[in-house]
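As given in TrEMBL:
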- B:212, B:237-238, B:251-255, B:268-275, B:289: FAD binding site (BINDING)
- B:5-188: domain 'Electron transfer flavoprotein alpha/beta-subunit N-terminal' (DOMAIN)
């Protein structure tokens, strides 16, 4: 069984966003594997441990992304592929590049995160599946693979669905799917020797026209800063009294005394 | 010249979802003068929601109903809307950025070889100059986007755009047959409603949220009671979820859900940056924490330094009294 994981490198969740010259400053930022993609990597490595599987991790970006791919290799993935994303400006283009790569590859299970915590559009993985003619099940919290069939659990609008899917298929990982491991020291050592292949758009037979953007960013801004408000004084009784009035006011149920 | 806009509407419990009326208003803005709006509604039984939708001015409401469409499934729902998309040939497709909308939209965008702007919170301008504002980094920043070529696919975040008010129209309702595509490769084999989890966290007007300071699963009980009294939803910080006090579906933050309620009550939450990203756009923030130095107080409109297990029950009792007094 061949499992492919689509993953992205993102800012750490504890990073503040700073704008310098109208752009998001990246100096000194701590980078991580997008947390939802990390669940996908972990799930793939578990499949490898439980069944006879090989795991390939695929990412799109510049050379710095190799660091995140090495982390996935250290977690237990076998191979990494880095598609040059420097010319890819929207989700459609990124999905085209990944699809072009996957179209030449045989696999059974495609895993990805539910969305990325930076861009948060949640488009790329589903576009890839659609382009390749594969079914998908998004935001899964449980996955069981048995032969050519997968059974998974997903939460949608307060309902819990159990879905069966024929492989090959895409599954996107939701929080709760698993608890990702930390790479072990031997894992980190081994990862250095595992293959990491760089792929260019030309390698994929894509021209600049094929990936010309359909969407462009025209502006970037930070939300207005919130100010610290008022500390309520008095004893618990007085504080609760004040809070109750504040809440009733804000929810339009004021007038109560 | 106006645009042809297709709205993929949604229902829940056979009622039209509010976000679909917000999508319809967006459609009206994007269609412009001489434009044309078509809505499509997919589900098990859609008649009631279709009537509601048809009350709003538009060219037609297309219904695709079948027993196999009762529960959302990407493969079937796409098969249901694809013929409509191909027939209407929309310049713009709008969906809610909901569990199903965000799942279906990329398939439609890919089918149309179109660009998509997801999770839009504001639409500015008209005609070719229209721009779309959306959060990135869960709201730590906002970007504005513009389409360079058509068609356009847009998903809108619930509760951010005005709902459509152009009612009293009686638009024609057109029913379309549906047949499962062959082969069907995904099958929903079981649906279970989560008990006690009735209100959608992202649509709630009041959110009562607990952090590590709640200390246990049982510790959430007084928070749940307060949330219920205020017809709100229960939320949690990542620390509380990681500690196993509650389900990950309650998590608010950069991982988890982003909420923008009228009132957000943070109980025993210190205010990690990743949590603040998920709730700092709330209209009013109340923080209750033992640690007066907790960063949550830097963004709270009202802060109480104290023990949540003393304050919350007292607050709930006071609110109950006051609400009863108003109603009597």
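Note: Cβ is positioned from N, Cα and C throughout, glycine not excepted.
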Local Cβ density at residue B:275 (FAD binding site) - other Cβ atoms counted within 10 Å: 29
Distant-in-sequence Cβ neighbours of residue B:269 (FAD binding site), under 8 Å, six or more positions away: B:209, B:210, B:211, B:212, B:213, B:237, B:239, B:275, B:287, B:289, B:294, B:296
Per DSSP, three-state class assigned to residue B:275 (FAD binding site): helix
Filtered binding-site residues - B:212, B:251, B:254, B:269, B:272 - keeping only those with Cβ under 8 Å from chain A: B:251, B:254, B:272
Count of other CB atoms lying within 10 Å of the CB belonging to residue B:251 (FAD binding site): 24
Count of other CB atoms lying within 10 Å of the CB belonging to residue B:272 (FAD binding site): 19
For residue B:269 (FAD binding site), the three-state class that DSSP assigns: coil
